[in-house]
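Data first, discussion second: the structure below is written as structure tokens.
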Amino acid sequence: MAQEKPMSEAYNGKGDEIAVDVGQSTELLDDNFGRKQELERNFSIWSLIGAAFIGVPTWSVIVISLNLGIYQGGPALIIYGPISVAPFSLLISLSLAELASMFPTTGGPQEWSYRLGGRPGVFWSWLTAWANLVGWAIGLPLVGIATSLSITGLAVLYNPNYSPKTWHIFLIGEGCIAVGAIINIYGRKLVPLIDHIGFYWYFIVLLILVIVPISTADTKATPEFVFKTFINSTGWSSDFVCYMTGLNFIAAAFIGIDSVTHLAEEVPRPSVNLPRAIILAPIVGFIATFTMLVCIMFSIPADSFESILTSPIGYPLIQIVLNATESRTASLIITLLVLYISVQNIMNCCQISSRVIWSFARDGGFIFPKFFREVHPTLAAPVRAIYAVWAIGTVLMLLFLGCTSAFNALTSAFVIMFHITYCIPIVIFLLRRRTSPFTTGFPLGKFGFAINTIAVAYMMFTSVMFFLPGFMPVDGLNMNYAFGIVGVTAIIALTSWFITGRENYLQDGAGVVISL
């Protein structure tokens, strides 16, 4: 615990010392809020921005999940989905950027809930941490399965007699997760470099996807087909419900906004650089996504759209490029280029989720906190937390073995968990009438209340819609199990709170509770 000193200047958003009046005492804090600096600051601003583009994956997730949009809305959903989601994603980003500048620590949202919540903030921080942890953990098998589907799709491309089995997809996806975990354990010096390369790779691949399909397709789609065709193959009688349930995979592409906040102890001037990365990712992501999707959809004439729906390849991007270029080699090369980003997504999910577990354990949370809070002395990485993420991702991926529609449920649960994570600290800040003893280097000013309120309303409404099944009538195979995933998480979080959390979490002097 920091020693008592006279009150100093308020936090100025630049990592300077601050003091907070807590009852009769005054605590002197630094930019880690009294915590020991345990991770190396080896991320440059460009590495951080690269990590942000992967953390908020936008087009790279949409392009590997096009099959979901094709069935649940068709061209209209694929084109108008990003327009529906991106403005609200920006409002969420603005809200989180303000808080990240105010509290630039690895804990991210769980830290914000704690600092703003008064004494009940310990409980709200606990719930935020569990939601954030499970959200990132779900992201790992999601990207693992999508990456596996791209690999099996290439196998079908070159061997039409091959029929991928569910366990094939599982094993390949598990191998991809293992690669992500191993890089995070043994390649800590490589991770910033990979993220830096990813910054350029992101735009190079995007440019290829914008140019190649539309320039090589002999027949182009009409504007009427691209902008006015809505396909409802879900069984829902309401096109609105079909559109909203189909929107979850696009919402998933604009989620993960908190990703870079969990790297706060690994970047210079986090209170300045974190907001920049948080805001830049969804803005650039939307421009890139919309441009790419318009070009791709114009490369698919209406009479060949059915071939994408019925393709045995099972990975729409491969079939789209194949139809346009009539070249298996071109399809292979472009898919491999996208595959690099998918593997980087896996690496990023593993990195961020391990930091969430590690920071949670450091504050006395998670399970066996003293065990999982350790940083390996020579590898300088939270190795045990990385192994935990690997194990959780594997367990969640097992759901895919039992039910292939679990991918949709995982996508819905992924978005809902992040919405819970973001809503808690934002709502607490609103209940405080947006006042805090900490100042921020990124103030929203007079627009803050409206921005926060609209962001919360959007997250609450879409979360309810994403609990609905994607297809009707509902049976055991197409049921949306997101409610079960969220429910089990709530039970674990609440049970562990009453068993150990309320006695141990944030009780070791890691921080101070701020009175309302």
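Each residue, glycine too, has its Cβ placed from N, Cα and C.
What you are looking at is a predicted structure, and each value in this text was computed from that prediction instead of being measured.
Annotation comment: TrEMBL describes 45-71, 77-100, 121-147, 167-187, 199-216, 236-257, 278-300, 320-343, 385-407, 413-432, 444-468, 480-499 as transmembrane segment.
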So what's near the transmembrane segment (278-300) in sequence-distant terms, Cβ-Cβ under 8 Å and 6+ beyond its ends? 49, 52-53, 55-59, 62-63, 75, 78-79, 82-83, 86, 89-90, 93-94, 96-97, 100, 202-203, 206, 209-211, 213-214, 216-217, 220-221, 226, 253-254, 257, 260-261, 308, 320, 323-324
The transmembrane segment (121-147): which same-chain residues, six or more beyond its ends, come within Cβ distance under 8 Å? 61, 64-65, 107-115, 169, 172-174, 176-177, 180, 252, 255-256, 258, 339, 342-343, 345-346, 349-350, 352-353, 356-357, 360, 363, 365-366, 389, 392-394, 396-397, 399-400, 407, 410-411, 413-414, 417-418, 420-421, 424-425, 428, 485, 489, 492-493, 497, 501-502, 505-506, 513-514
Proximity of the transmembrane segment (320-343) to the transmembrane segment (480-499), 3+ C-beta pairs under 8 angstroms: no
Answer key: the stretch among 77-100, 167-187, 199-216, 236-257, 413-432 with most Cβ pairs under 8 A to the transmembrane segment (385-407) is 167-187
Among 167-187, 236-257, 413-432, 444-468, 480-499, the stretch with the most Cβ pairs under 8 Å to the transmembrane segment (77-100) is 236-257
Quick one: do the transmembrane segment (236-257) and the transmembrane segment (480-499) have at least 3 Cβ pairs under 8 Å, skipping pairs fewer than 6 apart in sequence? no
